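**Q** Pulled from TrEMBL, these are the listed features:
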- ASP155: active site, proton donor/acceptor (ACT_SITE)
- ASN12, GLU450: Mg(2+) binding site (BINDING)
- LYS19, HIS215, LEU216, GLY217, ASN218, GLY219, ASP304, VAL305, ARG306, GLY394, ILE395, GLY396, GLU397, ASN398: ATP binding site (BINDING)
- ARG98: substrate binding site (BINDING)
- HIS187: site 'Transition state stabilizer' (SITE)
- ARG248: site 'Transition state stabilizer' (SITE)
Amino acid sequence: MASETSQILVLNCGSSTIKIKLFETSSSDPKPIAKGSVSKLGSSSSPVSLTLLSQNPPKTIDDTLEKETDHASAIKKLIEVLKSQTSDLQKIKTVGHRVVHGGQKFWDPVRITPDTLDDLDHLSDLAPLHNHPSVVVIRAALELLPHATHSAVFDTSFHKTLPEKAYVYALPYDAAKEGGLRRFGFHGTSHAYVAKQAAKAMGGSVENYKIISLHLGNGASACAIEQGKSIDTSMGFTPVEGLMMGTRSGDLDPSAIFHISSSKFNIEGKTPAVPSAPNGPQITKAEAILNYQSGLKGVCGESDVRKVEELAETGGNGDGGEGGKEERKRRAELALTMYCVSFLSSCFALADLAPGYFGMTLPFHSYNQYRIEKYIGSYYVALSGADAIIFTGGIGENSVEVRRRVCEKLGCLGVELDSKANEEAKGLDEVREISRKGSKLRVFVVPTDEEGEIAKIALGFGNEK
């Protein structure tokens, strides 16, 4: 690491993880030189990992955080390990913080000041599972790196262009506006980045294309992008709305929450523990279930798509309780079908198609019909056609099977999947087209780089005098 170069540190904080990435700024595009993470926060032991990307081959240092496994302790540990390997934290001139929810107060990235931090803290009630940990980490980072310029970049920022018809809920208008009850959308930094990368791969500027972006990870969202702007997105007031996810429910009848909150609604005969951040806003039983016990996990017991795919093939080990192995296989297959269908319905409206159009079994049709009714005015229609579909996020970038399941249903839109290209598009660090040459609607796998985007934004604040 040359002494004349300054550095940018990006902090990406989740409810149970913290990721960091360190960049050099000697060129116009920040160059990543180290990355690290702490996972399983809140458990008895949290794995810590730091990889020095600047070394050849990259060197990884593993450690463990024990006893105090909260967010503040985790970021202190990561910075401690980083310092032990890079020696000089004074080179870090700029720190960019990913903050999930900006509310109605923050539609653009901001430099963090005492007043800004107070405002962010007030937003913790709006998103207790996501914003409070970020505020805790920001406070700790300000103490650990007081010489640096700190800025916050919001997941919601990209969606500030949503038209009123897309963000307003059918609630009493004035009361909803006063209370900030509206669609905000999330994964904005990712959707914005991958759209630009796909446009570049198509040979033009993002302003010239209509794109449907699918960010598929443990959290999942779809976004309709026109002229480089978000015009609709599946996540809403919180990241629970929209697509079925690893442990989040996605869309459901709002009245179901009253039943979930009832003492009669138990999981395996027990009321689940409600995970809440220490000294932060407390969450309800319903919030805990909808965020941590639903989605893929709720349907088949596993939240990792790779394990769900394996379960659908083998049924797993053990007796599996009621129904045994065959029931586990059935529910895993149902979970995969529901998962794929939940974002198919975000791509286009199928209400006029015959029930057997796709040749799928009843679980597809019954659940898809439910999703169709909720996603009337879908993204393909909202965009009046599209030029490309993007798969990104951990699942979107790596699950050949999920991409295949989705694309084989898109023939009516002119999608022609290149099976070989799809098989080869896994774990890449570059954009890869997986549709055949001549496909009317092109399909791309685009590795996201939220930290790189945040670094570029943060660099602008660092350059301010």
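Cβ coordinates come from backbone N, Cα and C, glycine included.
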**Q** Using CB atoms and a 10 A radius, I'd like the single residue among the recorded positions LYS19, ARG98, HIS187, ARG248, ARG306 with the highest neighbour count.
**A** HIS187
**Q** For HIS187 (site 'Transition state stabilizer') and the residue listed as 'active site, proton donor/acceptor', determine the Cα separation and express it in whole Å.
**A** 5
**Q** Cα distance, ASN12 (Mg(2+) binding site) to ARG98 (substrate binding site), nearest Å?
**A** 5
**Q** By a simple count, how many Cβ atoms lie within 10 Å of the Cβ of ILE395 (ATP binding site), its own Cβ left out?
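**A** The answer is 23.
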**Q** Given a 10 Å Cβ-Cβ cut-off, pick out the one of the binding-site residues ASN12, ASN218 that has the most other Cβ atoms nearby.
**A** ASN12
**Q** For ASP304 (ATP binding site), write down the residues of its own chain that are at least 6 apart in sequence and whose Cβ falls under 8 Å from its Cβ; none is a fine answer.
**A** GLY246, LEU296
**Q** Specify the count of other C-beta atoms within 10 Å of the C-beta of ASP155 (active site, proton donor/acceptor).
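**A** So the Cβ neighbour count for ASP155 (active site, proton donor/acceptor) comes to 26.
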**Q** Between C-alpha atoms, which of these recorded positions comes nearest to ASN218 (ATP binding site): ASN12, ASP155, ARG248, GLU450?
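**A** Going through ASN12, ASP155, ARG248, GLU450 one by one, the Cα closest to that of ASN218 (ATP binding site) is ARG248.
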**Q** Cα distance, GLU450 (Mg(2+) binding site) to LYS19 (ATP binding site), nearest Å?
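**A** Answer for this pair: 11 Å between alpha carbons.
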**Q** Taking only the residues the record lists as binding ATP, namely LYS19, HIS215, LEU216, GLY217, ASN218, GLY219, ASP304, VAL305, ARG306, GLY394, ILE395, GLY396, GLU397, ASN398, what is the largest Cα to Cα distance between any two of them, in Å to the nearest whole number?
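**A** Between the most distant Cα atoms of the ATP site, 22 Å.
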**Q** Where does ARG306 (ATP binding site) sit in DSSP terms: helix, strand, or coil?
**A** helix
**Q** In sequence order, which residues at least six apart in the same chain have a CB under 8 Å from the CB of GLU397 (ATP binding site)?
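**A** For GLU397 (ATP binding site), the qualifying residues are PHE391, ALA425, LYS426, GLY427, LEU428, VAL445, VAL446, PRO447, THR448.
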**Q** How big is the gap, in Å, between the Cα of ARG248 (site 'Transition state stabilizer') and that of LEU216 (ATP binding site), rounded to a whole number?
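**A** ARG248 (site 'Transition state stabilizer') to LEU216 (ATP binding site), Cα-Cα distance: 13 Å.
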